[in-house]
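In what follows, a structure is listed as structure tokens, so that the remarks can point back to it.
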């Protein structure tokens, strides 16, 4: 875990008080003017990543005087070790081996309570709490009345009169998808009518946007007239009845309110790999079914794993009075679930149990018994369906399932949700540099943050590639990192760019190419991941080193080929263990140079 700086004694006391009795707390007392403190700091950061069940803290002795006085610190650096709220050891001086030895002396890799969440697990689990508030809005009587005012006439009456629930539900889906709600990709400028091609930047919600539940807003700048366009990410479903546009989050949120208004008991399902949908309880069939308003489909739970080729991790369903894990419904083989990846299964079950109890607090005893019986039946149904799927087989199950249909093709491709799409492999043309008069060099670049190139076609990492196979652009919103890696489940990914150097000297017989500089930023390998980057020019090939920098002197004016192969890695996250262009996710206007090819002429 990252090292945390503590500035006040009450803050430190709270950490010690709340920590698990088996958790080791290490506090580094430092000063900015202290040379040994600066020397040992990188090692302290490294140790914080190595020992997961320990908390690493730093205290600036020039600022946190109350902590310094409490522990009588007189020399820097000093390291104090705490366990079960008590100081158990200390190390004075920048002695890395002594620090490691002391950590190992007191360290325990497991919490005293095996189901107690670690700090990292707590951070991950926090995301599940907010959606309980969302479901309360779906049961608001005023909101439901507003929803009924825009719905097709007679829906609720038809359900009350016993009409087939699935038939009515399909009509609702068709209406919502085709007549009511729209997909938001990028806006069209109201002034010059040009389609915006740039990514939205993070903006600050206005007072009005906040009143509609917008915690964030995407700001787009028109390429033609520089007009600003805003896309508030509204969470208030009644506001969405007015705006009637959004991405999957807005679709599932608004449709959840529509379902409640129609009298259909429903759940909001969150998938932590960035998709949401709904579930509806069919009273006659006594079962929950999958419903996706974006795709206008229902009762096709394997759509994501089999159709989109999406690797689901956690699927959590939120009813208005309960919360439950429904991941099994949406995977082909539960034995291969990767739910141990971010949080231990026992910790997840313990957390969801407490969250579910909180949601059920106002329910009657009769309702609680009903939910308990439903849950048992639901688990049995999942097991029976999985056995049936295994008999049918993976290939046959995919015959009526395709990739994702909502969103631009570039957006779906970047998310790896095109399914069995033959366009996953792209064969392009060699890139030709823009030649500027009086310039002694030309250059070409790619920015992984913006996912754009320096010349047209600009948008999407695939746009300028000569070949691209099994590669995706991965955005880690929780860690705020972005990079290229291979698609989940693929053993190898390849991407290449070809550059035609001949036109640079074709019009002037006296001009020659002096050198080519190549820079590939953010080359990262983890857990036995492999990255091979080769630059070929004519009959000569060179390996680009781990630094990502290569200079080719006196190159021939032929086709320069840069080829990247990503492979290796360990366990379920192997596809992420070889990363290209890894950088911090940044929403500011300045570009980042993930790849630069610069050609100098003489």
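Positions of Cβ are set from backbone N, Cα and C atoms, glycine also.
Keep in mind that what you see is a predicted model, and the values were worked out from it rather than measured.
These come from Swiss-Prot:
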DOMAIN    2-130  domain 'Thioredoxin'
BINDING   189, 192, 222, 225  Zn(2+) binding site
ACT_SITE  248  active site, nucleophile
ACT_SITE  275  active site
ACT_SITE  292  active site
DOMAIN    400-602  domain 'PAW'
Item to check | Residue among active-site residues 248, 275, 292 with Cα closest to the Cα of residue 192 (Zn(2+) binding site) | outcome: 248
Checklist entry - By DSSP, how many residues in the domain 'Thioredoxin' (2-130) are helix, how many strand, and how many coil? => result 53 helix, 29 strand, 47 coil
Item to check | Packing count at residue 222 (Zn(2+) binding site) (other Cβ atoms within 10 Å of its Cβ) | outcome: 21
Checklist entry - Where does residue 248 (active site, nucleophile) sit by DSSP, helix, strand or coil? => result helix
Checklist outcome for this item: Residues near residue 248 (active site, nucleophile) by Cβ (under 8 Å) yet at least 6 apart in sequence within the same chain, in sequence order, are 275, 276, 277, 294, 406
Item to check | For residue 292 (active site), nearby residues of its own chain (Cβ under 8 Å, 6 or more apart in sequence) | outcome: 252, 277, 278, 298, 300, 303
Item to check | Winner by Cβ contact number (other Cβ atoms within 10 Å) across the binding-site residues 189, 192, 225 | outcome: 189
Checklist entry - For the domain 'Thioredoxin' (2-130), what's the model's average pLDDT? => result 90
Checklist entry - From the centroid of the CB atoms of 189, 192, 222, 225, the recorded Zn(2+) site, which same-chain residues not already listed sit within 8 A by their CB, in sequence order? => result 190, 191, 193, 194, 223, 224, 226, 227
